[in-house]
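**Student:** To start, I am sharing the structure in question, which I have written as C-alpha cells.
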Amino acid sequence: MIVVKVGGSVICKDLSKVVENLPKYAGEAVVVHGGGCLVNELLKRMGIEPKFLTHPGGVVSRYTDLETLKVFVMAMSWINKQLVASLFARGVEAVGLTGADGGVVRARRKEKVLVVDERGRQRVVDGGYVGKIVDVNVKALAPPPLKVLAPIAVSEKGELLNVDGDQLAFEVAARAGAGRLVILSDVDGLILGGRVVPRLTPEEAEELAKSEEVRGGMKRKLLMAAEAARRGVEVVISNGLADSPIDAALGGAGTHISRNI
C-alpha cells in the first residue's frame, strides 16, 4: 500500500497534476487530503477570523470551536467530493470518506492543550473540537477501490473532531504497514541553505524539527515522519505541483525519511 497525502497548499493552487497521476496508483493507494486554505477562506467570508495556537516546540495548529468545526466539515466535504469527481472523470471509481463514516478514524477530544502565548508564556487553554487519533480501521481503507479520506474523526461520544491531515496520513500508513507515504505540498521538500535535503534518518528529522532551522508546518511533518519511519514507513516530502508528482516522489525527488538511509 502507498498512502498519498495531498496538502491544502496543492489543493488550493493546482490539483491537476496530482489527479492526472493518481489513476496509475488506484489499485494500491489511499489518499488523505487537507484543505486549510479553503477553511480560512470560508471563515473569513462568514466574518469569522481563523485562529491558530502555537505549541511548545513551535508547532502551530488550528483552534477549532464549534462554529469553526461546522465550516471545517463543510470545506473538507466539498474538497473530498470534488477530488472523487475529478478521479471519476479519469476512469477511477474512487470512494470519498471522512474518518467519521463507519467510525473509520476514531479520536479522543483534546479537552485542554498547552500553548505558548504572544508573550512567550506557556498556558493551558480549552482544546475545542480537535482530536488525537486513537484508532484507524485500515481494513476499511484497503484498496481497491481507491479511498479518498478527509481529516474528520469521530469520538466515542459521537463528536465530530478536526484531526491534522498529516497526522492522519502518518497514522494510516503506520497502522496499515504501508511501505511508503508521499506527502505532497507546494515545496520541493525540506529546504536548508537554499537546497533540498535528499535524505534523513528518523533521528535527524526529529532533531531538525526541534531546531530553529525549520519553521511552520514542516516541523509537524518532520516529527510525524520520524515516528512513521521508526515504524517501518518510508516517508517522502515532495512537490505536488510538479509534473507527475507521485512518480517523481517515488523516483527520488523530494526529501526521503527512512531507517534505511
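Positions of Cβ are set from backbone N, Cα and C atoms, glycine also.
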**Student:** According to Swiss-Prot, Gly35, Gly36, Arg62 bind substrate; which of Asn137, Asn162, Asn239 is also listed for that site?
**Tutor:** Asn162
**Student:** What number of additional C-beta atoms lies within 10 angstroms of the C-beta atom of Lys221 (site 'Transition state stabilizer')?
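**Tutor:** So the number of other Cβ atoms within 10 Å of Lys221 (site 'Transition state stabilizer') is 26.
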**Student:** For the recorded substrate site formed by Gly35, Gly36, Arg62, Asn162, name the remaining residues of the chain with Cβ within 8 Å of the site's Cβ center, in chain order.
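**Tutor:** My list of surrounding residues reads Gly8, Gly34, Val39, Thr64, Phe72, Ala75, Met76, Pro151, Gly165.
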**Student:** From the Cα of Lys221 (site 'Transition state stabilizer') across to the Cα of Asn162 (substrate binding site), what is the distance in angstrom?
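**Tutor:** So the Cα of Lys221 (site 'Transition state stabilizer') lies 17 Å away from that of Asn162 (substrate binding site).
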